[in-house]
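Database features (TrEMBL):
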| type | residues | note |
| --- | --- | --- |
| TRANSMEM | 34-52 | transmembrane segment |
| DOMAIN | 43-294 | domain 'G-protein coupled receptors family 1 profile' |
| TRANSMEM | 73-92 | transmembrane segment |
| TRANSMEM | 104-122 | transmembrane segment |
| TRANSMEM | 143-165 | transmembrane segment |
| TRANSMEM | 213-231 | transmembrane segment |
| TRANSMEM | 243-267 | transmembrane segment |
| TRANSMEM | 273-293 | transmembrane segment |
Amino acid sequence: MLILSNTTIISLTFLLTGIPGLEAFHTWISVPFCFLYAIAISGNSMILFIIITNQSLHEPMYYLLSMLSTTDMCLSLSTLPTTLGVLCLNIQEIGWNACLSQMFFIHFLTVMESSVLLAMAFDRYIAICNPLRYANILTPTRIIQIGLIIVGRGALIMIPLLVLLKRLSFCRDNILSHSYCYHPDMIKCSCSNIRVNSIYGLFALLSTSGLDAPLIGISYVLIIHSVLKIASSEERYKTFSTCISHIGAVAIFYIPLIGLSAVHRWGKKAPPFVHTMMSNAFLLLPPVLNPVIYSVKTKQIRRAIIKVFLQKGYRS
């Protein structure tokens, strides 16, 4: 088997995979994928437009929501070219640099999304458990600082991942199990010892999503404890209902992520379509469902969207 050294790695290509066993139906399968991508991009663009153009939504909660929508939209755009290329045009080859870039953005944006969800949990904790200090703690300057920390955290996690990946040598049969480049998938194609890469990949997962998820859980334990102290059941429901959208966003992000990570690390005997289903759920569910959840469950967002459509209908 021919091994490519680091001097020739720039000419290396990987082969992306669509849906195993259903290659003959890829064109038809691409239709719902196009529909889902359209919902993800248009839905998150709408949320961003509503927040930017409505002065009443210029608050910490909605600034964080705009970060979440931006991250979701970029995540969709990072996988759209290769996924639809494989399904619509049967373009399976992807060069080393393109694959490395896509892998970077997918993981970078995943870390960002996890960090934004943690920041949103902190926002809900302050709003419910310490409402009198909310405006003093989450100032516009503090929100900017949180945004910079989120971006910096993603970069610090990803730079060592890139360095470790570039030191590997690869073989000719570089067939990936997804329609995009994913780190655990890429290192399996290497002819080098990938122990360090695998360990750092696990460390990166545990130090981001593995840390954020328990912290989000702790914040909701404190929130529930605070809500239960409210005498009126109606007030308890009204207070906790402000968290429903965020809880939904957390669930649709972490459940597919945990499933995909588990399949990659311990599901070697799982059928190929399991990997495909988990990977697509992980990358498509949050961008598609988050705008829907926040549009339906957040009164201010819903009213602003209705207002925009009514104004357009009136002008036409």
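Cβ atoms here come from the backbone N, Cα and C positions, even for glycine.
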Residues of the parent chain within Cβ reach of the transmembrane segment (243-267), under 8 Å, 6 or more residues beyond its termini: 68, 110, 113-114, 117, 120-121, 124, 128, 182, 184-185, 202, 205, 209, 213, 216, 220, 223, 274-275, 278-279, 281-282, 285-286, 289-290, 293-294, 297-298
Most Cβ pairs under 8 Å with the transmembrane segment (73-92), selected from 34-52, 104-122, 213-231, 273-293: 34-52
Local confidence of the prediction over the domain 'G-protein coupled receptors family 1 profile' (43-294), expressed as mean pLDDT: 88
Top Cβ-contact partner of the transmembrane segment (34-52) among 104-122, 213-231, 273-293 (pairs under 8 Å): 273-293
Long-range environment of the transmembrane segment (213-231) - Cβ separation under 8 angstroms, sequence gap at least 6: 114, 117-118, 121-122, 124-125, 128-129, 239-240, 243, 247, 250, 254
